[in-house]
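A short worksheet on the structure shown next.
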Amino acid sequence: MIVKPQISNNVCRTSHPLGCRQEVENQINYVKSKPKINANIKNALILGASGGYGLASRIVLAYGLNANTMGVSFERAATEEKTATPGWYNNQAFSEFAKRDGLKEKTIVGDAFLESSKESIIKQAKEFFDGKIDILIYSLATGIRKDEKENITYRSTLKPVGQKYKGIGVDFMKEELINVEIEPATEEDIKATVKVMGGEDWSLWIEDLIKADMLSENALTLAYSYIGPEITKAIYRDGTIGKAKDDLEETAIKLDKMMQDKLKGHAYVSVAKAVVTRASAVIPAMPLYISILFKIMKDKGIHEGCIEQMYRQFNEKLFSGKGAILDEKHRLRLDDWELRDDVQKEVLESWNKVKDNDTLKANADLNQFRDEYLHLHGFGFNGINYDADVQI
């Protein structure tokens, strides 16, 4: 099949296997170019390992710390008419490169929310790992969670809380501003979003792993969050997703106490910076904010993607020899450069200058956003012939 990007409303419905392979290889090469990280991490289980921070964590753990990695994700294979999801190709590429480089890895496709999956994954982990798990990365990015006990399927929503949201967004493929209006969330919307994206399932995983005696002494677990600036607060941190992130962060404090008591271990939420993901591309205000942010952070020489942040997280925030570097709310902060006063001052100045499509292009780096979004789906890489037939 000849595979081209099919994008509408900031959603790409195709992915290119060779380009996804290239994206994974680029991240691996970045970590290979950096010094090894000194930490007592032998075995790593990554839930949500096929993209974004989960994939970047897996690559840093494997290539930066020489850890054995087991990655779990819920991805779709190709059919005769449709390409696979990008995560499917990312998984294949990681497995290929890890095997080539002599790293022990196992990749499982499954719904990590399901109790039956938890049992199966823990059973496979016992067989795969030589010993117990030293770190669990919880990075599930999905909009749906089935609760088997209640027989209810919960769906997360992206809505403001308390009042209607009115703001500007951007179609980054057409380079056009769009007006966005979203009705406020109901209590059911909030409950469902917390159920899908909050900390309950993370907690269940830790409890099940402790019951199975599969977490090592001093084990670590991390989940990822985002705070962001005032500009995005109404739709993100003060909205339904923010309620879920609050729950995730409260869960981390409870889990940390439990892990300290039982294992001398720790649980942390790591607050990352804004990056281009398949999710952030469809959150109103985020593509515009990120495009402005990228321009300013690049000018200051402090722009980072997922892989750069994850390397910095493990190298500087967790395993620098000084202990975990946390804020007053017990969180790792990788958004420290994004939220610097000088950065946010310039972001706000540029944001306020965006009035129409011409001022949009002058103040935001839409090319960088678009390039990174295309790369997530395997498009836009030099050296790949996108007019050629490819095995999907």
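We number each residue from 1, going along the chain as drawn.
Each residue, glycine too, has its Cβ placed from N, Cα and C.
Residues in the domain 'Trans-2-enoyl-CoA reductase-like NAD(P)H binding' (2-80) partition by DSSP class (helix H, G, I; strand E, B; coil) as 30 helix, 15 strand, 34 coil. What TrEMBL records for 2-80 is domain 'Trans-2-enoyl-CoA reductase-like NAD(P)H binding'.
Positions annotated as NAD(+) binding site by TrEMBL: PHE74, GLU75, ASP111, ALA112, LEU140, ALA141, LYS245, VAL275, VAL276, THR277. In the three-state DSSP reading, VAL276 (NAD(+) binding site) counts as coil. On its own chain, VAL276 (NAD(+) binding site) has ILE290, GLY305, PHE369, GLU372, TYR373, LEU376 as residues at least 6 apart in sequence with a Cβ closer than 8 Å to its own Cβ.
Taken from TrEMBL, the feature site 'Plays an important role in discriminating NADH against NADPH' applies to GLU75. There are 19 other Cβ atoms within 10 Å of the Cβ belonging to GLU75 (site 'Plays an important role in discriminating NADH against NADPH').
Mean model confidence for the domain 'Trans-2-enoyl-CoA reductase catalytic' (82-319) is a pLDDT of 95. Residues annotated as domain 'Trans-2-enoyl-CoA reductase catalytic' in TrEMBL: 82-319.
Cβ environment of TYR226 (substrate binding site): TYR236, ARG237, LYS245, VAL271, ALA272, LYS273, ALA274, ASP335 lie under 8 Å away, each six or more residues apart in the same chain. TrEMBL lists TYR226 with the feature substrate binding site.
Sequence annotations record features per position, and here TrEMBL assigns active site, proton donor to TYR236. Secondary structure from DSSP puts TYR236 (active site, proton donor) in coil.
The DSSP breakdown of the domain 'Enoyl reductase FAD binding' (326-390), given as helix, strand and coil counts, is 31 helix, 3 strand, 31 coil. The feature domain 'Enoyl reductase FAD binding' is assigned by TrEMBL to 326-390.
In the structure shown, across all protein chains, TYR236 is the one of the recorded positions PHE74, TYR236 with the greatest number of other Cβ atoms within 10 Å. Cβ environment of LEU140 (NAD(+) binding site): LEU47, GLY48, GLY54, ALA112, PHE113, ASP201 lie under 8 Å away, each six or more residues apart in the same chain. GLU75 (site 'Plays an important role in discriminating NADH against NADPH') and ASP111 (NAD(+) binding site) are 9 Å apart (CA-CA, integer value). Compared over the binding-site residues ASP111, LYS245, the count of CB atoms lying within 10 A of a residue's CB peaks at LYS245.
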